[in-house]
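See structure below.
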Amino acid sequence: GNHTLLTEFVLSGLSSHSELQNLLFFTFCLVYTMTVIGNLLICMITVHPTLCTSMYFFLRVLSFLDVFTASTVVPKMLVSFLSEDRSISYTGCVTQLYCVIFSGATEWHLLAAMAYDRYVAICNPLRYTLIMNPRVCLSLVLLSCCSGNVVSVVQTAWVFTLSFCGPRKINHFFCDIPPLILLSCTDTSLYEKQIITATVLVICMPFCLILVSYACIISSILKISSAESRHKTFSTCSSHLIVVTLFCASGTLNYLPSSSKSHDTKKVLALIYTTIIPMLNPLIYSLRNKEVREVL
């Protein structure tokens, strides 16, 4: 039949309880401020001459991606806490979805590159600077960005080839894939299968590479005779594992279709990888690192 094409969507926001809006605004305003300041500090600190290794180069790129991710989602969410108008244009929704997927996929591939960097540093320390030279590091970052762009273009284009004929209310605080396909008036069964495939390829395969890297790392650490050296090496790697675990768990659970997950659960999962992890990354990587604290 004839359908009226949508020119804008309406975001339901993080919470529908009006009495919580001011509290949520100040809470996430503080979170966003900490995210921006913390990650920009990391970007500035890691250009210091004493921190010119591949690990800090990757960390600088990660901090930039965290600011990008948070800035894509949080400002619009903050506005929704104070305004009755929660609409977002069709073009704005496309742009926001592209940016979220791009930053998420790029960051995930970057975390895999960082795991490889730790593997080389611990398992091949004498050849570390030779293997992880500036050209290799830049190539890994560019490969991560290209992979993120391909994933984002394909996913965004596929979502918006669906017909949206109403209702126009997205039960989320930003334009994301799961709530958007619920608004489609066409059959989405094929697309849901494609989401599972994309999740396995984009999240699970790099995660397996990370696990292999850390299996080799742990094996090498256990061979170190000095207890102090083992503790220092474990401490360095544990921060990366914390980020990887949070990112993988929240992303996988959010995008894999499941009837048991409520809309509120999916909002919390999305909140973890778009808002909480970008805020925690500077704390995890800087406060636990003696070299970064000294430069700061």
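Using the three backbone atoms N, Cα and C, a Cβ is placed for every residue, glycine included.
Annotations in TrEMBL come from automatic prediction, not curation.
If one looks beyond the transmembrane segment (23-45) by at least 6 residues along the same chain, the residues whose Cβ comes under 8 Å of a Cβ in the stretch are 14-15, 51, 59-60, 63-64, 66-67, 70-71, 74-75, 77-78, 81-82, 275-276, 278-279, 281-283, 285-286, 292, 295-296. Per TrEMBL, transmembrane segment is recorded for 23-45 (among others).
Taken from TrEMBL, the feature domain 'G-protein coupled receptors family 1 profile' applies to 38-285.
Taken from TrEMBL, the feature transmembrane segment covers 57-75 (among others). Same-chain residues lying 6+ beyond the ends of the transmembrane segment (57-75) with a Cβ under 8 Å from its Cβ atoms: 28, 31-32, 35-36, 39-40, 42-43, 46-47, 96, 99-100, 103-104, 106-107, 110-111, 113-114, 117, 134, 137, 140-141, 173-174, 273-275, 277-279, 281-282, 285.
Summarising the annotation, TrEMBL assigns transmembrane segment to 95-116 (among others). Long-range Cβ contacts of the transmembrane segment (95-116) within its own chain (Cβ-Cβ under 8 Å, at least 6 residues beyond either end) map to 55, 58-59, 61-62, 65-66, 68-69, 72-73, 76, 88, 140-141, 143-145, 147-149, 151-153, 155-156, 159, 174-177, 180, 202-203, 206-207, 209-210, 213-214, 240, 243-244, 247-248, 251, 273-274.
What TrEMBL records for 136-160 (among others) is transmembrane segment.
Sequence annotations record features per position, and here TrEMBL assigns transmembrane segment to 195-222 (among others). Sequence-distant contacts of the transmembrane segment (195-222) (same chain, at least 6 residues past either end, Cβ-Cβ under 8 Å): 105, 108-109, 111-112, 115-116, 118-119, 122-123, 151, 154-155, 177, 230, 233-234, 237, 241, 244, 248, 251-252, 255-257.
Among the features that TrEMBL reports, transmembrane segment is placed at 234-256 (among others). Within its own chain, the transmembrane segment (234-256) has Cβ neighbours under 8 Å at 104, 107-108, 111, 114-115, 118, 122, 176-178, 195-196, 198-199, 203-204, 207, 210, 214, 217, 221, 266, 269-270, 272-273, 276-277, 280-281, 284-285, 288-289, counting only residues six or more beyond its boundaries.
Tertiary proximity for the transmembrane segment (268-287) is limited to same-chain residues at least six positions away from its ends with a CB under 8 Å from its CB atoms, namely 14, 28, 31-32, 34-35, 38-39, 41-42, 45, 59, 62-63, 66-67, 69-70, 72-74, 100, 104, 172-174, 176, 239, 242-243, 246-247, 250-251, 253-254, 261, 293, 296. Under the heading transmembrane segment, TrEMBL lists 268-287 (among others).
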